[in-house]
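Q: The structure under discussion is supplied below as structure tokens; questions concerning it will follow.
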Amino acid sequence: MANFSIRPHNNPFLPHRTNPHSLIYHSVSATRLVSHPQFLRLSLRVRCSIKEKENVKGNDELPPVLSGLKVDESEQTGSISKFENGLSSGNGIDEVGFDSNWPPWKNVPDRYKMIGTTALAFVICNMDKVNLSVAIIPMSHQFGWNSSVAGLVQSSFFWGYALSQLPGGWLAKIFGGRKVLEIGVLTWSLSTALVPFLAGYMPGLILSRILVGIGEGVSPSAATDLIARLIPLQERSRAVAFVFGGLSVGSVSGLLLAPPLIQNFGWESVFYIFGFLGIAWFAGFQFLDGQPSVPLKSFPDESKSESGYPNKKVTTPIKLQQLPAALKEVPWRGFFEYPPVWAMIYTHFCGSWGHYTCLSWLPTYFSEELNLNLTEAAWVSILPPLASIFVTSIASQLADNLISNGVDTTTVRKICQTIAFVSPAFCMTLSSVDLGLPPWEVVAILTSGLALSSFALSGLYCTHQDMSPEYASVLLGITNTVGAIPGIVGVALTGFLLDSTHSWSISLFAPSIFFYLTGTIVWLVFASSKPKTFSNNK
């Protein structure tokens, strides 16, 4: 529909001349006056016959009654198309009317809607990930679990998370990230809601947490595929930061909401409520227009349309019997023969070691080493992800601005990833040395270092799309599979070293510092964001 705004000085109800070649019969079917401090807007719906419309087109001079009509340029193309299509209905009458701008996001580009809802899915993702870390305390008391059993229940999430990375990346490549994401959200949400029913049956409980890990494990690759398909290079850092930044928001939200919910409604409530949020997201996502759920058969690296956006050529969906052939088409050998891919794999492993070990053990460190009570330790644990939200917005803007100003993409990714690794390594070194600092200064130092590690979202996590938009989800599946290993091995090894050495510096900080520094060296030497055409024939 075309939007017409009538200026106050043009009164449409005053007598006016008629065109000698044609008469325009118009009727007002709906009027609306909107008050404003500076002007009044009058919205009209005008009916014109076919012949009359053609005559108006042929006239160079419009009658005074139409001289005050101003067509909104953003609606011209769509409105004319709708106008022409409507004339073929056979009744000879068409309508041009004013469309309301409700809901508020109606005119938001589809790619932004998709990125926004994906970020919301990641918020729910981490809420479902951290809820067990809080609920495990009352659950252990109720069912008589010792620390070993509680650790087994919590680590079972990472079994599913690690197993689903590579299959999730491949499925996102074949079927499209949208379809994989919505199935992943539904899987982990239903599994979360089932935890209260299965808590008394250990095999069922572990299976439910493995399913949560599988559902959440396919989501990063699905989001990477969406970003690679929809977002141009100049907006990619912000898109990645916005989507994956939802994880930090989810951690903060989960840690804030879970304690009062458990206290007032029981530990079961966090699983029911958080699971329902994911199911509601899945239902709402079905109404969202955006990327089709069909695969990209051909997607040249960094191929762009004339508008500068990624080429979104699609084909018909692949049938189940075609999956084996599609799996063979993935250039696995080409991936592992390319040194920058190995740089991404090792860098992802190093970053995950520091992230997962700190996520699991920092609350205990704050409580035992810094002598904070449990309430203080819980609140302090929120500070790193909370600060990460702020740092992420700065890092993404910086990266995109540098790329827009002509700085080489590889250089930008190396700068961001170096900041992401050197900063926490330096802060952990300060915390390891006995400088006689008060507890809250140590907390501030660690929070700063872990927050700056969010620069990785504009470094490593963008490189998969930079290197190959077509295989970005598969590449992230490969690197994230290796990156999930610290969640299984690193967390347990930290506890073993702590029991053996009774030193937080040796057990928690020293391994992380080692991986941060070696990861930085490997990244600076071998990383590359240059588009790469992988092929089984090379």
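Using the three backbone atoms N, Cα and C, a Cβ is placed for every residue, glycine included.
Checked TrEMBL, it gives:
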- 114-530: domain 'Major facilitator superfamily (MFS) profile' (DOMAIN)
- 180-199: transmembrane segment (TRANSMEM)
- 239-258: transmembrane segment (TRANSMEM)
- 270-288: transmembrane segment (TRANSMEM)
- 341-362: transmembrane segment (TRANSMEM)
- 382-403: transmembrane segment (TRANSMEM)
- 443-462: transmembrane segment (TRANSMEM)
- 474-498: transmembrane segment (TRANSMEM)
- 504-526: transmembrane segment (TRANSMEM)
Q: Looking at the stretches 180-199, 270-288, 382-403, 474-498, which one shares the most CB pairs under 8 Å with the transmembrane segment (443-462)?
A: 382-403
Q: Which whole number is the mean pLDDT over the domain 'Major facilitator superfamily (MFS) profile' (114-530)?
A: 83
Q: Near the transmembrane segment (270-288), which same-chain residues lie under 8 Å Cβ to Cβ, leaving out any that are not at least 6 residues past its ends?
A: 113-114, 117, 120-121, 124, 127-128, 131, 134-135, 182, 185-186, 188-196, 254, 257-258, 261-262
Q: In terms of Cβ proximity under 8 Å, which residues at least six beyond the ends of the transmembrane segment (382-403) contact it?
A: 233-238, 240-242, 244-245, 247-249, 251-252, 255-256, 358, 362, 409, 412-413, 415-416, 419, 443, 446-448, 450-455, 457-459, 462
